[in-house]
Amino acid sequence: MTKLSVNINKIATLRNARGGNVPNVVEATRKIESFGAQGITVHPRPDERHIRYQDVRDLAPIVTTEFNIEGKPVQDFMNLVLEVKPAQVTLVPDAEEAITSNAGWDTIINKEYLKEVISEFKRNGIRTSIFVDPVEKMIEGAAETGTDRIELYTEQFAVDFAANKKDSAKAYAQCSQLAHNLGLGINAGHDLSLENIEFFNKEVPFLDEVSIGHALIAEALYNGLEKTIQQYLKLLK
Ligand SMILES: CC(=O)[C@@H](O)[C@H](O)COP(=O)(O)O
Ligand SMILES: NCC(=O)COP(=O)(O)O
């Protein structure tokens, strides 16, 4: 079964909107795990627009499933991850001003940089994953960085699925097969939703984990967190 890691960025967005501590991200995390999620993902961005560095410190000791911290490996981010030592770190090549993550790594141009960062996290017992586009050369480059896993960036899949599902996951399936053959673990995420997740999970082999946030939290506004999480779990079987 593909594991579901719930990205709680948007719970922090709502909390920050009023400047207080409601909704409380620690309480929300406990509930999300009790509803069956197999992981919690956070993405502390440099501007702390949603998840703050202190949230990461508060969450680390209470997450009982897998804690996955995503971000660009700037020094502050690296220090935070090495301080809390989550189960997994996912490296994303985010531009600071980007409204959201919008590209995978160029694993060829950035190979030496990624090798250095990845080896530091692995020396500290943290599983590494790197965010990549579904391009076979980028998967081959990822394997040369020493990363444990890749995370397939699924925004293009979501766009294509909405237009015409037929071949929307084809490149992802091919890249997942290649990654598996190269000994890499395979995660996926960005713009996955209740509408597209079943098709993606059926079409793409060897998936270890999907991390889902924006759509899941939006869907939970209508259906509730517990029911929404259990709908995802059922579609990921
Ligand atoms: C890397 C990725 O695609 C998402 O995990 C990202 O964390 C979403 O970030 P926002 O929640 O800031 O849109
Ligand atoms: N890595 C993807 C993630 O954590 C959540 O992305 P999204 O579902 O908020 O687009």
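Note that Cβ sites are derived from N, Cα and C of the backbone, with glycine treated the same way.
Please treat TrEMBL annotations as automatic predictions, because they have not gone through curation.
Binding of 1-deoxy-D-xylulose 5-phosphate is attributed by TrEMBL to R45, H50, and the same site annotation extends, among T2, T90, T100, to T100. The Cα of H43 (active site, proton acceptor) lies closest to that of E70, out of the recorded positions N7, E70, T100. Taking the Cα of H214 (3-amino-2-oxopropyl phosphate binding site) as the reference point, the closest of the recorded positions H50, E70, T100, H190 is H190.
In this chain, none of the residues that are 6 or more apart from R18 (3-amino-2-oxopropyl phosphate binding site) has a CB less than 8 Å from its CB. Relative to G213 (3-amino-2-oxopropyl phosphate binding site), the recorded positions with Cα atoms inside 10 Å are H190, the candidates having been R45, T100, H190.
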